[in-house]
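Per Swiss-Prot, these features apply:
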type	residues	note
BINDING	Thr33, Gly34, Ser35, Thr36, Asp84, Gly85, Ala86, Asp87, Lys96, Gly97, Gly98, Gly99, Lys123	substrate binding site
ACT_SITE	Glu105	active site, proton acceptor
Amino acid sequence: MKQAGGSAEQKRRAGEAAVAEEVTEGAVVGLGTGSTVAHAIRALGAEASDVSGVATSFESRRRAVDAGVTVTSLEAASVDVAIDGADQVADGVLVKGGGAAHTREKYVAASADRFVVVADPSKESDVVDVPVPVAVVPDAWPVVVDRVEALGGTATLRDAERKDGPVVTDTGSLVVDCDFGAIETPEAVAASLSAVPGVVEHGLFVGMADAVYVGTDDGVRVRDP
C-alpha cells in the first residue's frame with residue numbers, strides 16, 4: 001500500500017539535505033525504507049565518512065551495502081540519528097507502513113537520539129486520513145479485523161502484488177490496512193490499536209519525529225513534524 005506522489009527530484013533533495021544537515025562523521029544512522037530514504041542512503045555512501053547504518057528492512061540493508069555503507073545492528077551500536085520517510089505527515093503524527101517495514105522502523109526510530117523524516121509535498125496533510133497499516137501475528141488477523149471494525153474502522157488484509165496470498169513482512173507478520181477516515185484523535189486510535197490482541201505494531205508514529213525535510217521544486221523546506 002505505497003502512497004504515490006512527489007517527483008524523484010523532490011525526494012532526492014529531501015534525502016540529501018537530511019544527510020548533509022543531520023549526519024556527522026562517525027555517526028550511526030538508522031536507515032529507513034522507501035523511495036525517498038533511498039536517496040539519503042546513496043548520499044551517505046557518497047558523502048559521509050566512517051558512517052554505519054542500522055537497516056530497518058531487507059531493502060534498506062541491500063541499498064546500504066550497494067552504497068558502501070557499513071551495516072551494523074542495535075545490539076552493536078547506539079543510533080545517533082534515524083532517517084525515514086512517511087506515507088503522511090500531519091500535525092505531529094506520521095503514518096508509516098506503506099512498505100510494510102513499520103515495525104522495525106518504529107523501534108529503530110525510538111532508539112535514536114534524533115529522528116528526522118524525509119518527504120515530498122504530497123505527503124503533507126492537515127489531518128491524518130490515510131489507512132493505518134497494522135502488522136499482526138498471522139493467526140490473529142481475523143481477530144484484528146473484527147476489533148478494528150468494532151472501533152469504527154474498515155480493515156483489509158493486504159494482498160501481495162507479485163505472489164498469491166498476503167504480504168508477509170520481514171519480521172513474519174501480516175499487514176492489515178485500517179481505514180478510519182479522518183482521525184481526530186490519533187493518540188487515542190494508536191492506544192486502541194496497541195491494545196488489540198495479535199497486533200505486533202501499528203503505523204501511527206505520534207510525537208516521535210524531531211524534524212521533517214520536505215523536498216520541493218525549488219529546494220528543501222525544514223519544518224516541525
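Every residue number used here counts from 1 along the chain in the order it is shown.
The backbone N, Cα and C atoms fix where each Cβ goes, and this holds for glycine too.
Keep in mind that what you see is a predicted model, and the values were worked out from it rather than measured.
The binding-site residues examined here are Thr33, Ser35; by Cβ neighbour count within 10 Å, the least packed of them is Ser35.
In this view, Lys123 (substrate binding site) is surrounded by 24 other Cβ atoms within 10 Å of its Cβ, with every protein chain counted.
Ala86 (substrate binding site) sits 10 Å from the residue listed as 'active site, proton acceptor', taking the C-alpha atoms as the reference points.
When the alpha carbons of Thr33 (substrate binding site) and Glu105 (active site, proton acceptor) are compared, the span between them is 8 angstrom. If you measure from the Cα atom of Gly98 (substrate binding site) to that of Glu105 (active site, proton acceptor), you get 12 Å.
Around Lys96 (substrate binding site), taking its Cβ as the centre, 30 other Cβ atoms fall within 10 Å, counting all chains.
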